[in-house]
Amino acid sequence: MSGRGAEDDSAGIDSEEIKPVSPADMEDNASEKDSGEKKDTTANDAAADPNLVDWDGPKDPANPRNWSKKRKMLNTSLVSLSVLYSNIATTMYAPGASELASEFGITNNVVSTLSITIPSLGASMGPLLLAPLSEVAGRVPIYWASAWLYIGCTIGCARSTNAAMFLVFRFFGGACTASFMTCGGGTITDLLPKEERGAATALFTAGPLLGPVIGPIIGGFVTQAWGWRWTFYLVLILAGVVTAIAMATMRETNATIILASKAARLRKETGNLHLRPARSPQVSLRPRQFAERALLRPLRMLLFSPIVLLIGIYMALVFGMTYLLFATFPSVFEKTYHWRVGVTGLAYMGLGVGCVLGLTTFSLLSDRLLGKDGVPERRLILMMGVGPCVPIGIFWYGWAADRGVHWIVPIIGTVFIGMGALVVSSSAQLYMMDMFGPQGAASALAALTLVRNASGAFLPLAAEPLYKRLGLGWGNSVLGFITLAFTPVSILFYKYGGWLRERFPLKL
């Protein structure tokens with residue numbers, strides 16, 4: 001089937017309308033072909049114009065939607081592994097933060113906390129450039145370039161000689177990891193129809209939550225045995241292995257780029273210079289146009305779509321609360337329960353168990369709940385049911401730690417936080433992917449990543465003054481009440497999301 005009616009996010013930007021799927025489109029969505037594109041008149045255009053290069057029929061093996069399950073799984077697994085190791089690196093160093101502060105003479109607790117969270121700030125900036133660039137240059141080149149730059153930044157962190165050098169490399173390392181998270185959603189959309197995306201999205205989304213849980217568990221023992229620098233050398237080894245496998249096996253999934261390459265090859269083979277892809281990447285964008293797309297499209301989605309804005313804020317709050325716990329666990333369990341540095345990482349186990357429970361729940365139920373009509377709002381059913389676990393877990397953890405009861409009790413509370421956080425994040429991202437489709441998924445995910453990672457970078461900075469003033473009990477209760485106030489967002493959009501998508505189409 002031809003692609004012009006299903007052009008991806010690289011379509012021209014002047015007065016372009018990225019219109020979320022409306023309820024009126026549901027019947028068409030339910031009858032999508034295996035190629036993943038809706039019926040349109042472009043197929044007739046392609047047949048009438050012999051110079052249009054498209055797929056060789058609906059079963060063309062070059063179409064990523066027709067790849068074998070094994071090949072699809074390999075691509076999605078490599079992206080998910082990249083997301084995982086980059087997020088492991090974010091907090092693996094956390095148990096060694098005090099050691100680094102002592103070595104570099106850092107006495108300001110804000111700077112010490114920022115040394116843990118600053119990769120999230122970098123990751124919030126990266127999507128503005130990388131999301132549209134992946135639509136122009138392809139996803140695989142962005143993955144590879146980002147991975148090698150990340151490896152360079154990891155070496156820089158390990159070899160840092162002062163705090164400023166360390167923070168700079170941590171920031172740019174975080175910016176490089178944004179490609180995995182932002183473009184990964186596009187890869188899943190490229191490969192899988194919406195009724196098959198649940199498990200892949202859950203695995204992909206687990207990285208930002210499960211990675212920071214695994215990191216400190218490993219990092220605590222590594223720091224105690226060999227020092228904080230070895231946490232980065234370990235990440236370097238892991239990143240190098242995954243990147244080498246990706247370069248050997250990962251293939252481009254962006255249909256626009258594949259068809260453009262096919263057209264270029266056929267022009268060379270046939271000498272027909274009039275051949276052109278049915279979907280044309282905007283490789284000739286002027287710098288001003290590219291800057292507009294890179295910077296303004298995700299921001300416009302946040303400003304002019306109430307769905308993107310409120311879902312983004314809710315997801316950012318949940319992510320920020322989780323990162324606040326990541327940053328404060330070492331001090332809380334060292335001071336309250338007198339744990340050693342190596343053992344402190346085990347405090348993250350509750351969040352890890354919760355993430356695994358959330359991953360399992362979402363993988364098993366998300367696609368089943370979608371239904372045959374494919375209404376995007378059905379992705380919010382699990383968010384409505386499991387989302388309240390986050391504030392429940394925050395209250396539980398805060399008051400248990402405040403009262404100094406047995407250490408297992410606050411850790412059980414974090415199980416609820418981990419489960420709820422994973423389901424909220426997975427539901428939000430899959431909702432955006434289903435709602436905007438190939439036309440705007442990358443930019444919508446960039447918008448979510450922007451607010452989510454900014455929250456993960458800055459919200460933990462409020463932990464010390466909050467806990468100092470109110471204590472662990474009431475301090476965490478404030479966080480719990482704020483999160484609780486946003487839980488009805490999923491109910492609101494489940495009920496009125498279809499009307500809002502009709503009422504607020506995005507003119508970009």
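Backbone N, Cα and C atoms are what each Cβ position is placed from, and that goes for glycine too.
Annotation source TrEMBL lists compositional bias 'Basic and acidic residues' at 30-42.
Averaged across the domain 'Major facilitator superfamily (MFS) profile' (75-503), the predicted model reaches a pLDDT of 86. The domain 'Major facilitator superfamily (MFS) profile' annotation in TrEMBL covers 75-503.
Annotated region 'Disordered' per TrEMBL: 1-68, in sequence order.
Non-local neighbours of the transmembrane segment (73-94) in the same chain are 100, 115-116, 119-120, 143, 147, 150, 154, 157, 173-174, 177, 180-181, 183-184, 187-188, 191-192, 200, 203-204, 206-216, 218-219, 222-223, 228, 231-232, 234-235, 238-239, 242-243, 245-246, 249-251, 253, 326-327, 329-330, 348; each lies 6+ residues outside the stretch with a CB under 8 Å from one of its CB atoms. Positions annotated as transmembrane segment by TrEMBL: 73-94 (among others).
The transmembrane segment annotation in TrEMBL covers 106-130 (among others).
Per TrEMBL, transmembrane segment is recorded for 142-161 (among others). Beyond its flanks by at least six residues, the transmembrane segment (142-161) meets 79, 82, 86, 89, 93, 130, 133-134, 168-170, 172-173, 176-180, 183, 229, 232-233, 235-236, 239-240, 242-243, 246-247, 250 of its own chain at Cβ-Cβ distances under 8 Å.
According to TrEMBL, the transmembrane segment annotation covers 167-188 (among others).
Residues annotated as transmembrane segment in TrEMBL: 200-218 (among others).
Residues or ranges marked as transmembrane segment by TrEMBL: 230-250 (among others).
Here the transmembrane segment (302-326) has Cβ contacts under 8 Å with residues 20, 91, 94, 116-117, 120, 208-209, 212-213, 216, 348, 351, 387, 390, 394, 397, 414, 417-418, 420-421, 424-425, 428, 431-432, 435, 444, 447-448, 450-460, 462-463, 479, 482-483, 486-487, 489-490, 492-493, 497, 500-501, 504, 506 of the same chain, all six or more residues outside its ends. Marked as transmembrane segment by TrEMBL: 302-326 (among others).
The transmembrane segment annotation in TrEMBL covers 346-365 (among others). Non-local neighbours of the transmembrane segment (346-365) in the same chain are 91, 198-199, 201-203, 206, 209-210, 212-217, 220, 322, 325-326, 329-330, 332-333, 339, 382, 386, 389, 393, 407, 410-423, 426-427; each lies 6+ residues outside the stretch with a CB under 8 Å from one of its CB atoms.
Marked as transmembrane segment by TrEMBL: 380-399 (among others).
For 405-428 (among others), the entry in TrEMBL reads transmembrane segment.
Residues or ranges marked as transmembrane segment by TrEMBL: 440-462 (among others).
Per TrEMBL, the feature transmembrane segment maps to 474-494 (among others).
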Return yes if the transmembrane segment (380-399) and the transmembrane segment (106-130) have at least 3 CB pairs under 8 Å (sequence gap of 6 or more), otherwise no.
no
Which sequence-distant residues neighbour the transmembrane segment (200-218)? Criterion: at least 6 residues beyond either end, Cβ under 8 Å.
76-77, 79-80, 83-95, 180-181, 184-185, 188, 191-192, 231, 234, 319, 322-323, 326, 329-330, 344-349, 351-352, 355-356, 358-359, 362-363, 366, 418, 421-422, 425-426, 429-430, 433, 452
Between the transmembrane segment (106-130) and the stretches 167-188, 440-462, 474-494, work out which stretch tops the count of Cβ pairs under 8 Å.
167-188
The transmembrane segment (440-462) vs the transmembrane segment (167-188): 3 or more CB pairs under 8 Å:
yes
Tertiary contacts of the transmembrane segment (167-188) (same chain, 6+ residues out, Cβ under 8 Å):
9, 75-76, 79-80, 82-83, 86-87, 89-90, 111, 114-115, 118-127, 130-131, 134-135, 139, 142-143, 145-147, 149-150, 153-154, 156-157, 160, 197, 200-201, 204, 207-208, 253-254, 429, 432-433, 441-442, 445-446, 449, 453
